[in-house]
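Data block below; observations after.
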Amino acid sequence: MSENTFSDTTSIYNQNLSNQGFILANLENLVSWARTRSLWPMTFGLACCAIEMMQTAGSRYDMDRYGMLFRPSPRQADVMIVAGTLTNKMAPALRRVYDQMTEPKWVISMGSCANGGGYYHYSYSVVRGCDKIVPVDIYVPGCPPTPEALLYGILQLQKKINRTQQVKFKR
């Protein structure tokens, strides 16, 4: 009786599966899809670019539709958005926050000041680009960059994540 019940259940399952279809994907595509649609940024707002970053998270542009949810702790974040002028005094704090982030981690440099010093490039107290402190994946130009530019940078980061290998297999 138990064999008969098992075969009936299996045949019903197979009929339902053939009627609905199924999805074929490898683990690499699944992990890339999940990571690109659940980016959690850590805000590192240093100047006026941070205002534009906040506007991007508002209701008009709604970063949440891309799966982005700002996290208050670097241990919960996988993307750091450096927005604004990075001074020499703030550089060790930036590196410390970056080191506390979990792997894999990505950095978006937002604005002319974060990209290369911007208006304050020749000042003695300004780091001429946050890429001297942390590795940067995406540069968003502008002074200040518009929310659309930041969203475009986020979309470029998603494309970059899809292109890179996410799963490392041990042999």
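Heads up, the Cβ atoms here are built off N, Cα and C, so glycines get one too.
What you see is a predicted model, and the numbers here were worked out from it, not measured in a lab.
These come from Swiss-Prot:
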{"type": "BINDING", "residues": "Cys48, Cys49, Cys113, Cys143", "note": "[4Fe-4S] cluster binding site"}
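What Swiss-Prot annotates, mapped onto the structure for a quick look.
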{"residue": "Cys48", "record": "[4Fe-4S] cluster binding site", "DSSP class": "coil"}
{"residue": "Cys113", "record": "[4Fe-4S] cluster binding site", "DSSP class": "helix"}
{"residue": "Cys143", "record": "[4Fe-4S] cluster binding site", "DSSP class": "coil"}
Quiz prompt | Spatial neighbours of Cys49 ([4Fe-4S] cluster binding site) that are distant in sequence (at least 6 apart) but have CB under 8 A | solution = Ala83, Gly84, Met110, Gly111, Cys113, Ala114, Pro144, Pro145
Practice problem: Mind checking which of Cys113, Cys143 has the fewest other CB atoms within 10 A of its CB? They're the binding-site residues. | Solution: Cys143
Quiz item: Inside 8 A of the center formed by the CB atoms of Cys48, Cys49, Cys113, Cys143, which other residues of the chain have their CB, for the recorded [4Fe-4S] cluster site?
Solution: Ala47, Glu52, Ala83, Gly84, Thr85, Met110, Gly111, Ser112, Ala114, Gly118, Tyr119, Gly142, Pro144, Pro145
Quiz item: Near Cys48 ([4Fe-4S] cluster binding site), how many other Cβ atoms are within 10 Å of its Cβ?
Solution: 14
